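Residues or ranges marked as domain 'GAIN-B' in TrEMBL: 231-374. Positions annotated as domain 'G-protein coupled receptors family 2 profile 2' by TrEMBL: 378-633. Summarising the annotation, TrEMBL assigns signal peptide to 1-20. As annotated by TrEMBL, transmembrane segment applies to 377-402, 414-440, 460-483, 490-513, 536-559, 580-603, 609-632.
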Amino acid sequence: MTQMLLLLLYGFVFLLATESCRTLCQASSKSKEQVSTRPHGECRGTCVDNSYCSQPCPPDTPGDMGFLCRQKKWHKVTESCRTLTAFNIFEADSNSVQTFGGSKINEYTNKPETITDLLMEKCPQNLSCVIRNIQKSPRIPGNIALIVQLLHNISTVPMTDVDETKMKSYSIMANHILNSKSISNWTFIPERNSSCVLLHSVNSFARKLFVNKHPIEIADIFIHTVGTILSRDNAGKNFTFSMRVNDTRDITGKVSISREELQEVPSPSRAVSIAFPTLGAILEASVLESITVNGLVLSVILPKELERISLIFEKISKSEDRRAQCAGWHSVESRWDHRVCQKIQENSQQVVCKCSPSKTFTSFSILMAPHVLQSPILIYITYIGLGVSICSLILCLSIEALVWGQVTKTEISYLRHVCIANIATTLLMADVWFIVASFLSGPTRHHSACVAATFFVHFFYLSVFFWMLAKALLILYGILIVFHTLPKSVLVAALFSVGYGCPLLIASITVAATEPGKGYLRPEACWLNWDMTKALLAFVVPALAIVVVNLVTVTLVIVKTRRAAIGSSMFQEVRAIVRISKNIAILTPLLGLTWGFGIATVLNDSSLAFHIIFSLLNAFQGFFILVFGTILDPKIRDALKDRINSAQWISRISENVSSDFSRHPTKGPS
């Protein structure tokens, strides 16, 4: 009886447990159905600008997706979804089981192993045991990141010599993620430096490539590797590549080592070159730089004795109005650097560069320069305008010297003409140094002379602006300070301190801060650098600030002139308008307000009209100073008339004396 009761009790517990299990399984099934039907890649909730949202990847896909709210819409910014794991990247292995996180634990040693460790265990001879599954995998961001990490880890494994078989397997893995169809997916990889890591890893692995007497060539669609032996007996060595950058055409690249350069190399020496047609675009997309690579990326592993090599790049975009810049990839700072390369020749199809390879600089390419509108009209306007401006300024200074004593009798007129004379002098010197700098610019420029020319152009153009500021401050001094005056010597010292002291300080600090690192000059021109050090800001910021101050000064002059005419007759108001217009015409060139059109050329750099207006107003600025600052000044005109009349009177007296002497020659004593 007791046994019967126990059996009934056990049966009841078993049924209860079975029912509970069925209920839990159904609940779990419903939960799974709900999870599986939940939309992936969508953020729920209110979209507030700059808010962030994270969503899981589709089922059986590790990783997540990050979204950022911009303009009331969710935009995907990161993705780590991947299908490749430590379990499925290899063939099935019964001796190991998968664990969470992409690693495996060996059943016999309980030692965690990475994909790279397993790769070195399974197929260390040829690295081929992962190629098939990698090639079948989709090129989604998570897979790309995993393959990049794998390639990086392989490159750091201690190996004495990498043979052609290993290099071929390595290239196949890299080729898969360098595919042109994967470029857009590189932008979503959370690690922004993944493309830099890939380039560094490929170069590091290629350094270990063993090259025998026979050359090695491994040609994939998106990576092409060539290895050879250099000898002093060679007439020269060239590596020529032709690779497809898009679905329509191929472009070429060439590494050239001359016979003279080979004489410095110990014989025999190993040389490896690698070409990437899509890596430039991938670097641009993933690093998020506003720099466009316009050719193949060529990597070279050469003996350290080779200090200079020639590189020939065919342009991807053969735009006529955008010049190319030769550059090397700084492997430590992950950026393009112009200082290691020099452009030798350029036409619409290709660019010839001379570069200095090193352990830091292994990869080179050509960059598309920022859009600069180049037109023959602008060149003609600039040089004709500069010629007219220089002649006008010389004439202006000659007139000032001729009438100086008559027009500087009062303190205010003296200070005014000091400003005009120094504006004309500094602009004349700036224009002359600008022409000198333009002749020194180019691929074969002399660096020291170019630095000197740039310094003087920078200094004198800044001096022009600061003397314009001094004149504006003098006008404000006359308008705002009526009853209290400063001594003349103090005012003159203040004007010269502002006009020459401030520009000298700014120009000196700029060259001292940027030239030691070779960041003072532009790659192809004798002018302040922008891309690397932003040295150009040392001119732009003071110039625009002075233009703003001078604009305020002109506004105050207009207000004061207009206020004096309020309540007057119609005739007086018309005279006031004429006076205001005259003041604007005179002060605009003298205070440099024409440089304000430079802002329009920056905001609308595609418009030729703004560039023509800006070039006309500034190239002919010396002519405008002569007309509005000198010739239209009534006091200067009166003084010139007096000098002319005086000269005519003296000339007439001289003629009369000469005539009298010829008629009545002096008789000597008998």
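Each Cβ is built from the backbone N, Cα and C atoms, and glycine gets one as well.
TrEMBL annotations: computationally assigned, not manually curated.
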Considering the transmembrane segment (414-440), which listed stretch of 377-402, 460-483, 490-513, 609-632 counts the most C-beta pairs under 8 Å: 460-483
Among 377-402, 460-483, 490-513, stretch most in contact with the transmembrane segment (609-632) (C-beta, under 8 angstroms): 377-402
Tertiary contacts of the transmembrane segment (377-402), as residues 6+ beyond its ends and Cβ separation under 8 Å: 417, 420-421, 424-425, 427-428, 431-432, 434-435, 608, 611-612, 615-616, 618-623, 625-626, 629-630, 636, 640, 643
Residue distribution over DSSP helix, strand and coil in the domain 'GAIN-B' (231-374): 13 helix, 69 strand, 62 coil
